Amino acid sequence: LTGVLDDCLCDIESIDDFNTFKIFPKIQKLQERDYFRYYKVNLKRPCPFWADDGHCSIKDCHVEPCPESKIPVGIKAGSSNKYSKAANNSKELEDCEQANKLGAVNSTLSNQSKEAFIDWARYDDSQDHFCELDDERSPDAQYVDLLLNPERYTGYKGPSAWRVWNSIYEENCFKPRSVYRPLNPLAPSRGGDDGESFYTWLEGLCLEKRVFYKLISGLHASINLHLCANYLLEETWGKPRWGPNVKEFTRRFDPVETKGEGPRRLKNLYFLYLIELRALSKVAPYFERAVVDLYTGNGHEDAESKALLLDIFRDTKSFHMHFDEKSMFAGDKKGAKSLKEEFRLHFKNISRIMDCVGCDKCRLWGKLQTQGLGTALKILFSEKEIQSLPENSPSKGFQLTRQEIVALVNAFGRLSTSIRELQNFKVLLQQTR
């Protein structure tokens, strides 16, 4: 994968170098800090678009603890009885333990953390917010420690996962009726309307609609990369071994296996990276004000977190091949305004589809990454408001909630990781040839 990306004057090699040497090490560090590692999310919201077919039944997706009655007596008794018949009947227990280990969203928090959150919430509530996020106050919303719940392969696939992506691509990406080929790269193609003719059509779309498709495709590619890079390779003696799965990576991205689509998907990942990178460089003035604190109650840590964040902003500003968002929505004012609104509503719909994801861990990361991208778009469309922010008071014109800030940084962190993992796969592929 080399050369210049479409719709921007930037080449892949420049992004690789910039990400590897400047962004990736710093954003990794930032994500480990308390302010950014805890994300509040409601994983119990019902799917608004179709009758929920229940959560994914694969053991690795389950968050259900084992009922006491299912645990064989021999195991409950500990080491005595170890070889009794009951002990051999332990398949169900193993499945449950697997479920807890792999798919369970680990929501255990120390009492200290819980008290800190109450304090943070008080501080957040005293700020003048630009928009209220509906999940925040729901009794079902809970804090999740993102470091304890890494995004990785859980085995969630099949009709339920397919329906989610299909709904995102077919119902929310812009597509004229004349195109029969499904937009969803997972869908089997119909008729002769395949491959190149699809991309010829895509190039014929207006920039904004083309960008929308690329953002969704880039997000999909990034999520697929995380799953390939953090795959359950083997389970020996109850100890799972996670790592890169070259075969899975090839299946999803190899030009031959994907009829030439794999490299396009990866280019869309780079495009999405550029969009979120641009948003970070644009939002810097918001955080540079003294009135904005990354508040956790620990003054020393908060100051360090803010210094690291501002350091990353300096790097993003130094990048010399940014995407130019001014080329978007630049037509006649009325048409541009309605297109922007359509863009916003389509994206909002996609964030709601995340409540239809059947695997809790996948739902957690899907919600976080769509919210992060949504926040990036909000920033790019609020340039004037950000530039006219008052130095010493919260602004009604533009405000970010803690949720949006955490999602923005972690979503960009995921893209940075994807591009880093892509370098690793290049090396692994060379070794296997």
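Numbers run from 1 along the shown chain.
The backbone N, Cα and C atoms fix where each Cβ goes, glycine too.
Because TrEMBL annotations are produced automatically, they should be read as predictions rather than curated entries.
Note that the structure is predicted; figures quoted are calculated from it, not measured.
Per TrEMBL, the features are as follows:
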type	residues	note
DISULFID	CYS56-CYS61	disulfide bond
BINDING	ARG152, THR154, TRP165, SER217, HIS220, ARG252	FAD binding site
DISULFID	CYS359-CYS362	disulfide bond
ACT_SITE	CYS359	active site, nucleophile
ACT_SITE	CYS362	active site
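Of all the Cβ atoms in the protein chains shown, 25 others lie within 10 Å of the Cβ of SER217 (FAD binding site). Neighbours of CYS359 (disulfide bond) among the binding-site residues ARG152, THR154, ARG252, defined as a Cα within 10 Å of its Cα, are THR154. Here the binding residues for FAD are ARG152, THR154, TRP165, SER217, HIS220, ARG252. Their largest Cα to Cα distance works out to 21 Å. If you take the Cα of HIS220 (FAD binding site) and the Cα of CYS362 (disulfide bond), they are about 12 angstrom apart, rounded to a whole number.
Cα-Cα distance from SER217 (FAD binding site) to CYS362 (disulfide bond): 17 Å (rounded to the nearest whole number). When the alpha carbons of CYS362 (disulfide bond) and TRP165 (FAD binding site) are compared, the span between them is 12 angstrom. Cβ-based neighbour count (10 Å, all protein chains) for TRP165 (FAD binding site) stands at 19. Residue density at HIS220 (FAD binding site): 21 other Cβ atoms are found within 10 A of its Cβ, drawing on all protein chains shown.
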